[in-house]
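Inspection log for the structure reproduced underneath, given as structure tokens.
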């Protein structure tokens, strides 16, 4: 009777923590979206879609620590299986539960990215065109969404028939081990199709991480440390600029006081000056509001705390940088090479974050908290990067992300980007802590011969405890389903590996750029020349 009770208690503990995190995630997503959505253009369907999409992404990341916890808690610290996990069928049943969770969440992600979010986006675009016919709006939105459905179907079809064949010039021993690990996951064509589609989305997420997260990791802490410019100084500077522009306008208008028309060049200069004057007046209104804003006054009082938080964030960013560099260097030196996706079993170089997670894992849920903090850190730094850069398509800026003034379409774009970014964080966390993500804190028993001077006693051996790695017997270590899901296709792992190097490079560039920039304005991003009057009035009133 003890075995089922122990099994139930271990499972309930892991899933109870997951449920608590789930509720926290839902609350966070609601507050996050409500903070940035436009107050006058808010749309119920786009708000709900954005909240659900972001929640699904974060929940998927929250499942990773549960996966690691379950494979780790099957064993005692001495390397033996616990009584309730001694049966291989029981272990498979537990891991299948996690696998079904990944199946469900990844399927929902595909549904959101390729069907639901595009449909809501195009539906709102049709609404913007003053189309009051609901049926026609739905019809046109579905027409545009079909293209995304075709892409999704193509990815699923390709994933179904892409074989996991051995690439040329591979290390046969390593590759045989890789094949065995994937056989553990099963050979279902449905799984292969889903894994291929998710890996394709993760590639897009990798590009978003390289673009937004790498820059955000440098700009967020440095902005906290540097702070903002003084509101009083900015108002004085804005007043002086306004007076100077008004003098230039009066000077140009004086040229036509006697009825003579202005030249083409003067008319163009006059128009530019009037536009600049309008922008300065708007800046003045925003600065006046900022001066009266209680939040800015509280922020000034909390300045020391912001500096400490900025120092903490930059230290965390540097820790990630060093850890990722060591992990990539380890793969370059000790993996089977590009032909196997730079897959490596265990760690050969000391990895600080991996060691920290392994140390915290036995005291559950400390490792769960740390993984959640890492995921949230990626989200916050990604959001900082997106807000500073905006949403771009090549060299064209599509949308700006600003508190209480973000359009519904921009919110949908924002959540899709964050969804893809969080999707890629599963591989990023593996890169930061490969041993932890693959095996958790599992250990196994190894028989080693004892040296002896007496030939008749040469068969004596001792049992030692080792951390699970590729050399462990097949029935002694269980690999997390997350690792297998993300590494089923070796060529994706190869691209992820080079993407990590690009991430490190962009982070260094962003760090240099952020250091060279001065303090940002207290109304940074609130007033731009290409803003509409409607957008400005929404903020002021």
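Positions of Cβ are set from backbone N, Cα and C atoms, glycine also.
If you look up Swiss-Prot, you'll see 1-11, 72-101, 167-189, 328-365, 431-488 marked as topological domain 'Extracellular', on the strength of sequence analysis. For 12-31, 51-71, 102-122, 146-166, 190-210, 307-327, 366-386, 410-430, 489-509, the entry in Swiss-Prot reads transmembrane segment. Annotated topological domain 'Cytoplasmic' per Swiss-Prot: 32-50, 123-145, 211-306, 387-409, 510-541, in sequence order, evidence recorded as sequence analysis. Sequence annotations record features per position, and here Swiss-Prot assigns N-linked glycosylation site to 78, 88, 171, 348, 459 based on sequence analysis.
Here the features listed in Swiss-Prot are placed on the structure.
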| residue | record | Cβ within 10 Å |
| --- | --- | --- |
| 78 | N-linked glycosylation site | 10 |
| 88 | N-linked glycosylation site | 11 |
| 348 | N-linked glycosylation site | 14 |
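When Cβ-Cβ distances below 8 Å are used as the criterion, the transmembrane segment (489-509) is approached by residues 162, 164, 167, 178, 195-196, 199, 202-203, 206-207, 209-211, 213-215, 217-218, 317, 321, 324-325, 327-328, 331, 338-343, 427-428, 431 of the same chain, each at least six residues removed from its ends.
The highest tally of CB pairs under 8 A with the transmembrane segment (102-122), across 51-71, 366-386, 410-430, is held by 51-71. For the topological domain 'Cytoplasmic' (32-50), the model's average pLDDT works out to 81. Residue 88 (N-linked glycosylation site) and residue 78 (N-linked glycosylation site) are 19 Å apart (CA-CA, integer value).
For the recorded site, residue 88 (N-linked glycosylation site), the DSSP three-state label reads helix.
Taking only the Cα positions, the spacing between residue 88 (N-linked glycosylation site) and residue 348 (N-linked glycosylation site) is 30 angstrom. With a cut-off of 8 Å between Cβ atoms, the residues of this chain six or more beyond the topological domain 'Cytoplasmic' (32-50) that come close are 112, 116-117, 120, 123-124, 127, 401-409, 411-412, 414-415, 534, 538.
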